[in-house]
Structure formats: structure tokens, C-alpha cells
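Report on the structure given below.
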Amino acid sequence: MAPSADPGMSRMLPFLLLLWFLPITEGSQRAEPMFTAVTNSVLPPDYDSNPTQLNYGVAVTDVDHDGDFEIVVAGYNGPNLVLKYDRAQKRLVNIAVDERSSPYYALRDRQGNAIGVTACDIDGDGREEIYFLNTNNAFSGVATYTDKLFKFRNNRWEDILSDEVNVARGVASLFAGRSVACVDRKGSGRYSIYIANYAYGNVGPDALIEMDPEASDLSRGILALRDVAAEAGVSKYTGGRGVSVGPILSSSASDIFCDNENGPNFLFHNRGDGTFVDAAASAGVDDPHQHGRGVALADFNRDGKVDIVYGNWNGPHRLYLQMSTHGKVRFRDIASPKFSMPSPVRTVITADFDNDQELEIFFNNIAYRSSSANRLFRVIRREHGDPLIEELNPGDALEPEGRGTGGVVTDFDGDGMLDLILSHGESMAQPLSVFRGNQGFNNNWLRVVPRTRFGAFARGAKVVLYTKKSGAHLRIIDGGSGYLCEMEPVAHFGLGKDEASSVEVTWPDGKMVSRNVASGEMNSVLEILYPRDEDTLQDPAPLECGQGFSQQENGHCMDTNECIQFPFVCPRDKPVCVNTYGSYRCRTNKKCSRGYEPNEDGTACVGTLGQSPGPRPTTPTAAAATAAAAAAAGAATAAPVLVDGDLNLGSVVKESCEPSC
């Protein structure tokens, strides 16, 4: 006689089955916290270095030109800060002190309501200038105080926008704006500064400020500036918000992506001559009904193409993978329901915080009307499929009551682990907060710092690291991202237990350098100099390109096309070979009806004449989350909504708020 079934076990079976399927439907939040707060030991709140004030954008550059990075903070109702890591004290210390004799005194700019900040070399002297976007007494349109562009001159930092030559030219912006970013639009090594203004009707178009070489005399310290936005094709009227720069559509030239408010996004494709054409609509990233905030660029699925991630204010967040269909570039949103869940987002940061090879995405939210915790996701690459998006535990960086306004990543203490610095403000004065990672201490890493022909940081350059086992990893040297911010000018690679084989840098002018990475160079910082003409005449040295790649005649690593190799790599039951970046896949010879063709992996038929496949089947859990996200987004658009503290009602009179909200 068979034993009777345990009734308790029978009741538990449905619950166990539910637990079994939950991780499959959506990446579950891991219990291990990613970050630990170290503010009290590294940057304790005080009057001089971490005042309780309204802060906004944050940038990373070498302010004192000693080879180490400083963290520059835009202070809105207080001074701007320049934080330097003191290795003896193991603390961040503000070097922009309130002493007129200090070479950094002018950077404080106590009168300015600074909101955005960026740094780059605009005159080719090898040292980065620092631009602060001020938005005094204005949410949009005309402000009452100009922006500042600081240059190290006469042994101190001075504002060159207030120079007589530039005052006469009327270059200094009096328009309210948000983000600023640096773009080497012609590949000259001299940068222009893109200013995302917040237009009011036909007042306050976006600007593009750069040095006028014909009117400048650098030997006498005269640096004449001009606005070339109209000439370059980027003079647009919009509610400018986030900006990010890099070779998005171009192979090397710097393109510009802007996520906007109350209007479509811009994707300015560099024509190769420093002029741009907006390709956002044709590429599928215009998102005209949402209100963009933080944005970042990365290659999330490691296919060698630059992808875009950004957050929408109380709207669905986007994770766009770049695709190529019949030779046309399109972006496809792969955001999961949890990832896309609307929130009052400000900063979006992409980095490998635990050095495990996979990129994380950090959403810095502002506690708006109620608590709003920050969120963290890992994007896990999958062979021949979309990445898996897994929600993580931010640990101390959760900050449910934080009024998040900005943030950056940098390794200020040189331990190979990225540190996270967050700024707060707008509706409540709060000090900065600093976090260190808790995971991945034993993982390998490599940091690459390319230089321009003048020796400055090569912002906008593309860095590809070829590895022994995990293929190619791509990074863009940041020229502005996050929202109001600019990350460190470093390509930081976490490698897990893998090792680098070679590295390749492509500058905005198309020049390239490839070199092997010795095993002894792991877990270090590599500086890559701009190539000299004589370097290109030498025979290329043999490169170790790693699995899936091989050295070509031009001396650089390229994807190996396994599909043309002999013997044939695919089995008989899957005879169609599809070459992919660093790999290949085999699929069946699927037959499709007229007007359709097999998709890339041969698992389905897709339309060739504009037909769209039906919606993907979703599990009950994913469907519920999708419905919840749609409901939240609908609620956000069905009634008057506050957009950064301002009613989004068009011409209707707006509620009072901080002008820079």
C-alpha cells in the first residue's frame, strides 16, 4: 500500500512553485548591500568642506594639475566646492577656501546659483577649463546672472566670460539652463561646451560655446569665445535637461544626445565636419511625450555599439539597445517593468561598481512630496539574447529621504573600486554623501586614461578593452552625463577573474592606438597618449586580441568572422551561420511567409515592410508589473504633474518653486 501524501506538503507545493518561478520572471533584488556610507569618515558635514546647502551638478577633473582628480560641486545657495582627497588624513578637503589669496577662490562664485558643471580643454593648453551653468532667479528664459567659464591664468582661476573681449561679443549666457557637456566636434583636441538651456517660447535656445582662434591671442592670455550653435545645427528651443556626448552613431566622431522636457529628445549625429543633424526620430529615441532627466552611454550587451539609458521624470525609464536593421540604426527599449517603473529621477549613472564585468545602473531620485529611495540595477550580458536586468540592494545609498540632485563616480583613493558621491538640495538643504562598494574586492580591474594631442583628458574618446575570455568591453570617456554632471575622464573596466589582453583607443578625429596589456599591468592605471605621425609609420606590433577577435592588416583587433572559416562551424540541423560581435550563432533555415523574414536567431518571422510582431508573452508577475508601471505613468500624465517642482501646465501660471528646480 502506497504511503499517503503529507497534507502540509500539499499545501506548501503551490507556494514553492511560486518561489521557483519568481526569479525567472524578473531579476529579484539581492540581499547583499552594494554600498556603505563613508561620509562621516571621508567627508564629515562641516562649514568648509561639506556644508549643509543646496547642491546640484558634480564633475571630476584635475583642478590643481597634480595628476589626481578633484570633485567639483555646483553650489546653488552656497559656494561651489572643490574636493581633494588628502591621503594623509584619508579625507576629502575643500581647496576652494574663502580666502582671496587662494588660487581657487574665484571658483567659489558665491553669487551664482550654479546648477550644471563640466570641465574640458577649450584652448588646447593641456589643462581643462571649468564651466558653471548659473540659473539665478529663473526656471526658464532669461536669468539675472551669467554663467562662468574659469581658466587657470595668472596663477589663479579666472572667469574668461567676463573678459572685455567676450563681454563685447555677448557670449556669456543669461539664459536659464540645466546640463552642460563637452564635445570635440571637429576632432581638433579643443572642446566646445554644449549648453542645454531651458527655453521660454523663442527665448533661450541651446548654445555651443568654443574658442574663436582668429580673435584669440593665447600668448597674451586673450581667449575670445563664440557661440557656434546655429552654425553647427544644434540651436534648438526646448526644455533642455540631460546631455551626453560620444560616438553614438559615428565610429569615432562625437555625437550629442539630449533628453528634453515638453518636447522630443535630440540625437545630434556628427556629419564628420563638426556639424550635426538630428536623428532622434529616425533612430527611435525621440520619446516626445516624456520628460527626460539623467542620461548615460554604455555598451550593455557588448556588441560594440553604444547604447543609451536615461530616466524620465515620473515616467517610464528607458534602456535603449542600438540595433541595425537593413543598414538603418534603430534603438530598442529593453527596460524591464521594474526598471522602467516611474520615479522622480534626477541622476542616472552607469558603472561597474563591483568589478565583475557587468555594468550597474544607479538611479538617484529626489524625495519629492514623499519618500523616494534610490535604485540600483545590474545589466547582465547574455549570449545571443537581450541582457538580464537584475535589481540590486543599494545598501546605504538607498537614501529614501534624500533630495538627490546630482552625483558622480570616481576612484578618489586609488584602490581600484569606484566611489559614489551624491549631491542633494532643491527642496531641502542637505550635505553631500559618499559611498564605497562592499563587493568585488578580489576582482581584477583596469583603468585607462587617454590624452588629447595637447595632453588634456580625451573626453569623447572610445576605449575598447579586449580580454582573454570575455570578449571586448567598450567605454566612452565622459564629457558630460548623469544630469547636470560629468563623470571622471577614465575608462574603468571591471574584469572579474578575467584578464586584459590588449586595449584600443579611438579619438574623435578617428586616430587609433592599440597596444598589448601585460599581465603585470592588471589592477593599475594606463595612460594612453595621442599618436604621433611617426607612430603610424611603424609596422604594427603583434596584438593579443582574445577570443572571437583577431588582428587585421591595419594593426588593430577586429571581430573574427567564424562563418567563413573552414571547416564550417555550424551543425547540419542548424546550417545558417550568423556572425556576431566576438562570436557567432547557428540557426535553422526557417521559412517565412511573404513580407516576413527570419529574425537574427531564426526563432521567429519578422516583418520586412514595417509590420510589427505581436506583443511578447509575459508571465503573470511581469504582466502585473507592466500594468502597474502603465498605471503609474498614466496617473502622472492624467493630472497636473510637478516637473522638478514646477507645474507642467504649459502656459498656465506655475506654482512658485526654487528657480532651478
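Positions of Cβ are set from backbone N, Cα and C atoms, glycine also.
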Problem - Partner cysteine of Cys570 (disulphide bond, per Swiss-Prot) from Cys557, Cys586, Cys592 - result: Cys586
Completion exercise
Among the candidates Cys545, Cys577, the one bonded to Cys563 through a disulphide according to Swiss-Prot is Cys577
Handout entry: Helix, strand and coil totals (DSSP H, G, I; E, B; other) for the domain 'EGF-like' (559-605)
Key = 3 helix, 15 strand, 29 coil
Completion exercise
Per DSSP, the repeat 'FG-GAP 4' (395-437) contains 3 helix, 21 strand, 19 coil
